[in-house]
Structures are given as structure tokens and as C-alpha cells.
Amino acid sequence: MQSKHYPQHIDLEPVMHARGAVRLPGSKSISNRTLLLAALAEGTTVIHDLLASDDTLVMLGALRELGIGWEQKNDHTHVVHGSGGTLPNAKADLFMGNAGTAIRPLTAALAVIGGDFTLHGVSRMHERPIGDLVDALNAVGARIEYTGNPGYPPLHIRPGQVAPERMAVRGNVSSQFLTALLMAAPLMAKEHPVTIEVVGELISKPYIEITLNLMGRFGVAVEQDGWRAFTVRPGQRYTSPGSIRVEGDASSASYFLAAGAIAGGPVRVEGVGRDSIQGDVRFADALELMGARVTRGDTWIEASADAPLKAIDADFNHIPDAAMTIAVAALYADGTSTLRNIASWRVKETDRLAAMAAELRKVGAIVEEGADYLRVTPPAELTPATIDTYDDHRMAMCFSLASLDGAARRGNAMRINDPKCVAKTFPDYFETFASIAKDELF
Ligand SMILES: O=C(O)C1=C[C@@H](OP(=O)(O)O)[C@@H](O)[C@H](O)C1
Ligand SMILES: C=C(OP(=O)(O)O)C(=O)O
């Protein structure tokens, strides 16, 4: 989907130092939620600093197919004309790429609004589970069918009758299923309240907080009974807040903060700060546990270090995306690190547990890959290697950090294959990384 030109591989020369400041691209999670809420709202919403990447192009393209009007005013401003909870087009064929934040919320909204819709994506999207969401919706009157393998996209949605008082969804495979139902809940709660119950464990909880925060900004309050049940009272409609600014992406911030912690710093990210609504800002807490120095302002975070990082043993269920960055930062720690409770890695852009283990071994780490954990023991010196990226933007971005071992490998580049996958969330990643990777000490 990306139009920028990318080479087949990028050779990252080993560097001694990381230093500088980076303005972050917009948050993927906030961008795609904001686009859908703006489309469902009454009124026009001006969105500042929307992420420009494959995942947001997928959502924008789908809204266009559904007849929602939007324009891009300039590089930083989009305007979405909300349709007040209806859809101009009752029939559409929607390409979802590999954007979980598009297909899951759209599936719920379209099943509730009703119409004749097909949703499909790239081949990996057709291996990413959606069965728990489809089951939850079909149990209350939606008509969603699998046109490929049961439990996975592609999907065909037909008009149904969805007005439940209670519904139940499992939360142990992806939190995006609950997010999807929450965002669709005001469309269901026309006459009576709707309560969504979570069955079993709920993973990735901070993403639910992003959902609730944004629903609130669009005028819908959700009553929360811990993490077990969520109720939306009737008579609430999404209304445009007028304008909204998208924070910088806290998951994208993790690569630069880790660079500052690994290779001296300071590296500052601009666009997220201490009051961010994104759970991934807590990545900086993990870096602090590893011994990095972190400072936080209202709209920025900075990381540096004057000693080698310490190994970490922690539960990373709350920050599954940024935890990948910890796995690579562990290459620079003083002992064995253990990342726990990350089973969801297996059903994302690739099987990230297997991919991460394979590529960390290439640079010389000893890696134990558990069903839901990863244990990483770094080598004394990294081996220059050709890193495969599995069409996973985060594999490409994380492994750029393996070029920061300049002292040990002077002259030997780290090769990153197929760098175009970064277009999913950060098309200019490698140019931005180059701006903080310095080949000198001071
Ligand atoms: O809701 C969201 O914006 C997201 C939720 C997380 O997925 P899971 O809930 O599947 O872990 C995360 O990995 C993904 O990148 C974005
Ligand atoms: C898991 C991810 O994406 P998605 O929103 O497609 O689930 C990710 O960006 O790491």
C-alpha cells in the first residue's frame, strides 16, 4: 500500500552514540479510534496530527467506501464529516490490510448498523483471530459469516438485529474485541442499557483505557465494574468534540528511548509526555528498572544512561508492543532478562515470539522461547547479521537498535531485510533513526 520507495534491505553501520530529539508520528491506536468515532458522530471533527501510515490509510479508505465524507486539509489536519451513527452506503467491499485497529472496530460497528459488507486483508490478516468478536456479535443477532477459515477474516456481514441488553466477549486473545464492542455499544443502547461482560482474562488492558477516554471525548460515558463489565446507558450519542489532537505514538517512542538508554543519549521524544493516555508510555518505567535515566515533561520524554543496562524480569502484558523493544534492549543488559505474559505476540503481525527468538539468536543471544515468555541472555559482543523482519514493522524497528554496538563491531553493518514493513505505522522510521544515531562519542 505504501507509495514511498524502500530498498530491499538497509545496512545500518554500527554507531557509538545515540543523541537528539525526535518528533513522533501520531498514535496509531488514537488515530484509528478517532477516525471511526468522528465518522459515527454528529457533526464535523477536525483532527490534528493524525498518523499517516498504512494502518490509517486502511481506515480512511474504508470510511470513504462507506460514504463518510472526509478531507485532508494539509499535512497535519484532516476533517471528518460524521454521519450520526448511520452509513450512507449500505453495501461495501473493504480492504483492511493488516490493521487490527481497523478490522475489529469496523466489524462491530458495521454488524450493528447493518448492511452488506465484506472485509478482507493481506494474507496475515486472514490468520489473525477474530472469532471471539464474531461469536459475541452473532450471539446477539448479528449475521457475520466467515468466507475463508472459520474464526478468521475474510468476513461477510449481512443485515441483522442487534439490540442486546447484555453481551459477553472473551478477552484473552486480544483486547481489540472488547474495544470494538465498546465503540459500537452506543449504537446498540438505543432503548435500554447494554452491558458487555468480559469472560475470563482480559489482556492488554491499557488499550481499553484509550478506548474509554476517546469515547468520553466524543460524549459517551461508560460505567465500569472493574475489568469485568462495562455498561452504556441509552440516549447517548457520539457528538463531535469540534477538534481533537492525536498524541505522538508511544509505541514508536520506545525505539528512540531505548536508543538513548543503550547508547548514552540523551534522546528526547516529542509528542507524548507524562499525561499521555497511551499505556505504552510505561515502557519508560521498564527502561528505568533497567537502570536508564528517564525524565518526563508534559509533552516529551527523554532517556539517557551512563552505565550499562541491568537485566529485567517482568510481566509485560500491559505493553505488548513496546515489550518487543525491551527484548532487543536486553541484548545490552548485564545478564539474563525475562519477558513474561506475552502470549499475544503469537497472533500479531507474525508469531513474534518465534520471530524474536530466531533473530536475537542471529546476533549471538541465547534465547529460551516459552509458550508465553522469552528469556534473553546477551552475548559479550553482538554478531553482525542479516535480520529478517517477517512483514512486521516492529521487528524492523526493534532490530535497528542492534546497530548501536559500535565499539564492538566497527565496520560491520547490521542488515535489516525488507524495511518497507515499517510503513504500517512509521513510514519514515529509518530516516528518523539515522538522525539520532551518531558515529562519534561527543
Ligand atoms: O487497541 C489497540 O489499539 C491495540 C491493542 C493491542 O492489541 P491486543 O489487544 O490484541 O494485544 C496492540 O498490540 C495493538 O497494536 C493496538
Ligand atoms: C499488533 C499491532 O497491530 P494491530 O493494530 O494490527 O493489532 C502492532 O502495531 O504491533
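Even glycines carry a Cβ here, placed using N, Cα and C.
Automated prediction, rather than curation, is the source of TrEMBL annotations.
Residues or ranges marked as domain 'Enolpyruvate transferase' in TrEMBL: 18-432.
Residues or ranges marked as phosphoenolpyruvate binding site in TrEMBL: Lys28, Gly100, Arg128, Gln176, Arg352, Arg394, Lys424. Applying an 8 A CB threshold to same-chain residues 6+ apart, the list for Arg352 (phosphoenolpyruvate binding site) reads Met324, Ile342, Trp345, Arg346, Asp392, Arg394, Met395. According to DSSP, Arg352 (phosphoenolpyruvate binding site) is assigned to a helical segment.
As annotated by TrEMBL, 3-phosphoshikimate binding site applies to Lys28, Ser29, Arg33, Ser174, Ser175, Gln176, Ser204, Asp321, Lys348. DSSP gives Asp321 (active site, proton acceptor) a helix state.
Residues annotated as active site, proton acceptor in TrEMBL: Asp321. Long-range Cβ proximity for Asp321 (active site, proton acceptor), meaning a same-chain Cβ under 8 A and a gap of 6 or more residues, is found for Ser251, Ser254, Asp280, Arg394.
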Cα-Cα distance linking Lys348 (3-phosphoshikimate binding site) and Lys28 (phosphoenolpyruvate binding site), given in Å to the nearest integer: 15
DSSP three-state assignment (helix, strand or coil) for Ser175 (3-phosphoshikimate binding site): coil
Spatial neighbour of Lys424 (phosphoenolpyruvate binding site) that is closest, considering only the binding-site residues Arg33, Ser175, Ser204 and their CA atoms: Arg33
Candidates near ligand 1 among the binding-site residues Ser175, Gln176, Ser204, Arg352, Arg394, Lys424, judged by a Cβ under 6 angstroms: Ser175, Gln176, Ser204
Proximal residue to Arg128 (phosphoenolpyruvate binding site) among binding-site residues Arg33, Ser175, Ser204, Lys348 (C-alpha distance): Lys348
Sparsest-packed among the binding-site residues, when each Cβ's other Cβ atoms within 10 Å are tallied, from Lys348, Arg394: Lys348
